[in-house]
Every structure is written in C-alpha cells, then in structure tokens.
Amino acid sequence: MNKTTEYIDALLLSEREKAALPKTDIRAVHQALDAEHRTYSREDDSPQGSVKARLEHAWPDSLAKGQLIKDDEGRDQLQAMPKATRSSMFPDPWRTNPVGRFWDRLRGRDVTPRYVSRLTKEEQASEQKWRTVGTIRRYILLILTLAQTVVATWYMKTILPYQGWALINPMDMVGQDIWVSFMQLLPYMLQTGILILFAVLFCWVLAGFWTALMGFLQLLIGRDKYSISASTVGDEPLNPEHRTALIMPICNEDVSRVFAGLRATWESVKATGNAAHFDVYILSDSYNPDICVAEQKAWMELIAEVQGEGQIFYRRRRRRMKRKSGNIDDFCRRWGNQYSYMVVLDADSVMSGECLSGLVRLMEANPNAGIIQSSPKASGMDTLYARCQQFATRVYGPLFTAGLHFWQLGESHYWGHNAIIRVKPFIEHCALAPLPGEGSFAGSILSHDFVEAALMRRAGWGVWIAYDLPGSYEELPPNLLDELKRDRRWCHGNLMNFRLFLVKGMHPVHRAVFLTGVMSYLSAPLWFMFLALSTALQVVHALTEPQYFLQPRQLFPVWPQWRPELAIALFASTMVLLFLPKLLSIMLIWCKGTKEYGGFWRVTLSLLLEVLFSVLLAPVRMLFHTVFVVSAFLGWEVVWNSPQRDDDSTPWGEAFMRHGSQLLLGLVWAVGMAWLDLRFLFWLAPIVFSLILSPFVSVISSRSTVGLRTKRWKLFLIPEEYSPPQVLVDTDKYLEMNRRRILDDGFMHAVFNPSLNALATAMATARHRASKVLEIARDRHVEQALNETPEKLNRDRRLVLLSDPVTMARLHYRVWNAPERYSSWVNHYQSLVMNPQALQGRASSAR
C-alpha cells in the first residue's frame, strides 16, 4: 500500500467515494476533494482546498447549517461563534486612597461615578422594606457578636495565670536592670497578645455560629418571607424577548468532564421545552495544544449529538487577558447585548433545566435583581477526602447558605459560577480595572466574583442567594493537596480584594464580605500565633521564676494562678460554638428524614467520622494557609509543582514532601510540651498529633478505593448518590462515553489525521493577510518543527503552529507526502494509542 492509498484510507469516506479518488499523489487527492477547484502556488498548500470536504464527511451533522465561511484570504473557516455586535465595557480606575479622594474634593476635582442614581424613586421604595429589615438584622448580629466577644475575652483574662496587670507601672522600672524589667513584663506581654488574638478569633467563630443558627431556624420553619424564590410560582412561560447565554470559561480542563456536564445540562434544558431561550458559549483560554484539539473535537461531536447547530458556540482566545474575568468581559463586549441574562458555569458545573429556567423566572419577577446566586450541591466524587467534604457541604452547607441569606438578603455573595447575571448592568458597572501600584497586591484582580457583586450592588442592583432552588451541582477537589492549590489562589485574591474595602460607594455588607474573605485565610496565622504565644507563656511559666513583686514597697506578692475549672468552662463554650452548627444540621436531617443519607445510624456515624476528619485536617490547613498569607504579604512566589498522576491519589513521596515540615513541627512541639508539662500536652494533643499524622491522612484520604468502600457501606452518603437526579446520571453516562473516545497527543492527531487536521485548520485563530514577512515566518516555523523530533517540540511552539491554518495544512501535507524524510514524526504518530472510537468521526450518522 503506497502513501496515497494510506491517506485515502484515513479519510472518512464510503468505499465508493474512496474508489473515485485519484491514486497518483496526495496533492491530486486534495484537488479532487476541492469542489471549488482552487489552485495553489505551493504544493503543500493544497490541503487548504480540501478542508470543507474533509469536515463535511467527518461531521456532517455539525455542519448542517453552513457554519463554514471564507476568511479574507479565501480560506475555509469554521464559524464557531455568532456575529459579534460590540458593546463598550470599560472600568473606572480604582481610587483606594480615601485621603486622596478627600483632597480631590477640596480642590473641586471629585469625579461623579457612573453608578450614582441608577434606581428610580419607585424602585428604591420597592426595596425599602427588605433593606430596612436587613439593616436591623445586621445591627442585631453586630451587637450579639461584640457583646459575647467582650464577655468571653474578660472571662479569658481571669483564666490567665498572671494577674498583676494593675500593678505594672513602666515609670517604676526606670533605672532598673533591663533583664529584670523584661522578665517582669514578658508574661504580661504574652498574655496581652493572647487576649487580643482570642478576641479576634472568638468574634470570627461567633459570626459563623449565628449564621448557622439563623439558617437552622429558617430551614426548620420552612417559610422565608424574604426568600427570592418566593417571588415566582415556578411555571410561568419565559419571555421570548429575554434570551439567556450559558457561558463556560475553561482553561486546560478535563475535556471529557467539561463536555459531559455541558451535554447533560443542555439536554435537561431541552427537556423543559425552553431550549429556544438559551444559547451556550464555551469560552476557552486553554494553552495546552493537545487540550485545544480535544476541545474542538468535543465541540463538534456535541453539536452533532444534541442537534445544537446555531446554539452551542466555541471560542478560544488568542490573547488571554485577565484570566476568567477577562474571558467573561470579552464575551460581554462581543455578544453581551444580544442577551438579557447570562449564567456563568464552571468547568465542573452541572445545572438542571428546571433550575436554569427557574433562575430566569426569578430575574423576570425581580427586575431590580442584578445577580441571583444558586446554591450548588457538591457531588460526583469517589475519593475518601472528596466524599467526606461533599457530605459535609451537603449536611452543613444549607444552614450556612440560608443563614447568609437571612443576614444579607439582597446584598449577598456571588461565588463566580452557577449564578444568573443581568447582562446590561454587568457591562455598565462590573468591568474590573487593575489595582494600582506595584507588588503582590497590585495588578489584575484574582477573586473577581466578590468584587463584581460589590460593584453590582453599588450601582443599586440586588445580589441574592436562591438558597432553596434545587438542581445546581458542582464538584470538589479530589484530595487535600489539590484543595490547597486552589486555596493558594483564593487566599491571594481575597487579600487583594481588601484593598477595595474603603473604595467610595461600596455597601457596608460588601465591605464586610471583603473583610470575611480576608479573615477566612488570615484566621490561620492568627490561630497559629495564638497557639505559639500560649506555648511561649507555658515555657515562661515552667522555666522562669515568677515575679511576685512588681512595684517598690509592694506589701503582698502576686501569685500566679491556675484555674482549670474556668479554663474547662471556656473551652466547653468554645466547642459549643464550633460544633453546635454540626449538631443542628444533623438534627434537621433527623427531623426531615434520614433515608437519603443512609438511615439514622449511618448518617450519625458519618457525622462523627466527619468531625474527627475535620479535627485532623484543621491544623494542617492552618499551617498551609499561614504560609500562603505570609508569602502573599512578602511577595514570595509559592512554587507548587506536583508530579504527573494517573489518578487523584496522592503519592507517598509528594505527601512527605508537602507535609514533612508539619510532621517535624508536630514531633518537636509534642516532645517539648511533654518535657515541660504533660498537662499542657493534653490541651495541644488535637493540634500536634494532627500534624504528626498529616502525611498519612493526606495519602489515605486521597484513595478512591477507600472512598468507594465507604460508599458501599453507605457512609458519607448524600441524596445525590442515593437517588441521583437525571442530569447527574446523564453526566456520568456521557463522561464514560467521552473517556472511551479520548485522544492521546491531540496535536499529533491534528497534524496526521485528515479529519482532525481539517478541523484544526478551519478553527485556527491566526487569520492574517498574506505578506512576505508572514510567509518567511511560517516557513521557518514549519521547517524547524519538522527538522526536530516531536518530543522536542515544546508546548508554546506547538500552539503557534496550531493557531495558524496555513502551517497546519503544510505540516499535514509534508508528513504524508514524504514519510521517509520525516520518519521521526511518522514513527511517533504510529506509536500513539489509536483509539478507533476517537477517530471514527460522525460519518456513519450521515449515511
């Protein structure tokens, strides 16, 4: 079999069509496939003429509506996006310095912001009631939190051993030996630091406690007068004039999972009969060429399988500016004014058609709502770590989400996905300028969601949580280390956001959101400092002689005291605040039925195991988050290069590399406290032994085998596992199907496989006009690539080749026309695992 015959066999044609093609040379094959009979001055440009024919034979169902167009040079181009109708979306520069704003106002240079006076008086009046109720509730929360913090801090002060605070007079120490003065002050300085940290941390715990408690009462009563979901009965027809875009920004994601969830979501929308009101946009920032090829192939297959021509679109950005928020901004500028609403999806998001239709109805019923956030349920994971976490979020999450809604009402959170957004005000008010200045807290905003919600509310639009709307799902990281990678990004983003705390016009609730975002990570170093100071105080108490006399002519000594009964009482009170929300959560499940959680005994045992698991992980997260915070403040880059893994489990080597310092710290801490005072080791035992066990817990909890065993035992069972909704069943089905047709080394397939090469050529983004300089650059790229082995061709160079339709056509022609010359490429391609299901295309469905 000669090379031309081999090439013809690789085409997705019928035997009759193959027999009709010329067998003389490959150029003649491309000329025969070119219905327009175009001529090319270069022989290796001939594959450009056959792009249309190769695509139509491979994916006839996907091209039924004529998405193939001509670019400015007459080349076939796949129109993967609708025609753009541009909108202006530009950010106002941040003015984070209140002193500078005051000075500008004095000089008459104050600028009136664009967000002023958005609502009419009638619209403001319609919001007045819930806004008043929300303000009253927040004042109550503030009073409760501060009052309890003051009482607990005073109580803590009485427990500490050194009680000579009132006798310390710095003037009496003048002329005294410096070391003596230092030893007199040291215990009190340590105690002062402990008290300050205790007050901050106790206040933080109280905020979570009251949020969970009010959420429990909301869910127990079952009626919420101010719930956004109560504004619609749920079966109103959607307004055909108000269309919704489902947008999914992705970047180097698991293509099989992305398109499985997207297909399940779209088919669920079609089942509601509302598909005509929705379009889907896959917005790719991927820069791995293999993943880019897989995305393009999966998009074509998705269109064919769900008949999504003209409604499911795909775009890969050439210039990746501002990450996810920049990707969304680009969509808004190009196509935003074609839609009334957009629903932002993450790569792992799955939403039912009823949920999406419900969100649109809520927007229709609440014209002053700018963002409505659904409450996604975690599901779909198999590792022990992820199953434990998704059980925790499923059991405790509803309390905290309902509690957030109780305190915030229409000035709430937006989590960046599984939420519907009113497009017009988003375009007008939610463009994000980079933070001014230099350093690690300047530049593009990382955690864009909190900021966008704050800007939307600043402009007068409501931000709501539809906490009781079902049908919204997401996935969690499969293991502890993957979660910590995500936390590293979130930590830096939340610390950056705090620079906006004093920006003019921000609502007090969203200033509080910025503060709580910081505290969610800053609490870790504060807790670590609290433990370190407590340990230091114990060392001082054990190794130094107490200073009984703190003043000249003091008649009575000040004796250090130890009141274990008060310490136990305060410890018990703190434990109640920490663990009562968990107890309330399980009580709610007991009241409403435990069948979907495995029954009474299994859900109770699962709760106890989850509590133990959270106790083991809390000190580990504390140390990692402390490193993240310190690194962000010092401008250090935290390098986290994990080895390539075939599954979600954590290797032992990586576990000891990541947790080795924690294990060592735990051992030193435990031995030191045991040597000083065994009683203090008892108090620190949950901390130090968790650190010692951290690598073992990290590895074991990352194993799918252990997680699946608990699933068989019905431990950590959630309703989505007991009785999976159809959209999740479909996601699993399509994920398995997609995994069966996955490509190995997508770039090489795009070079050799005629169908995938036609797809890559038609979807290449670099559509430049012909020029001599460009031709020289193209020849250089192609020659350099072919003169090297494919293994030496790095990712960036592959991406450059993949982005140009001419270079892809020339590569394709040369490796097929002269296989003996480019044997390293041919041998590499032949060594790949050829998956017949991945390469069969959709030709069979057309005949």
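Heads up, the Cβ atoms here are built off N, Cα and C, so glycines get one too.
Features as listed in TrEMBL:
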TRANSMEM  139-156  transmembrane segment
TRANSMEM  194-221  transmembrane segment
DOMAIN    246-428  domain 'Glycosyltransferase 2-like'
TRANSMEM  512-533  transmembrane segment
TRANSMEM  566-590  transmembrane segment
TRANSMEM  599-617  transmembrane segment
TRANSMEM  682-702  transmembrane segment
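Contact between the transmembrane segment (139-156) and the transmembrane segment (566-590) holds: at least three of their C-beta pairs are under 8 Å, each pair 6 or more apart in sequence. Sequence-remote contacts of a segment are chain residues at least 6 beyond its ends whose Cβ falls under 8 Å from one of its Cβ atoms, and for the transmembrane segment (512-533) they are 190, 193-194, 197-198, 200-201, 204, 207, 413, 447, 450, 453-454, 487, 490-491, 494-495, 497-498, 500-501, 621-626, 628-630, 684, 687. Outside the transmembrane segment (682-702) by six or more residues, the chain places 383-385, 388, 478-481, 531, 535, 613, 615-620, 623, 648-652, 655-656, 658-660, 662-663, 665-667, 669-670, 673 with a CB less than 8 A from a CB of the stretch.
Averaged over the domain 'Glycosyltransferase 2-like' (246-428), the predicted model reaches a pLDDT of 94.
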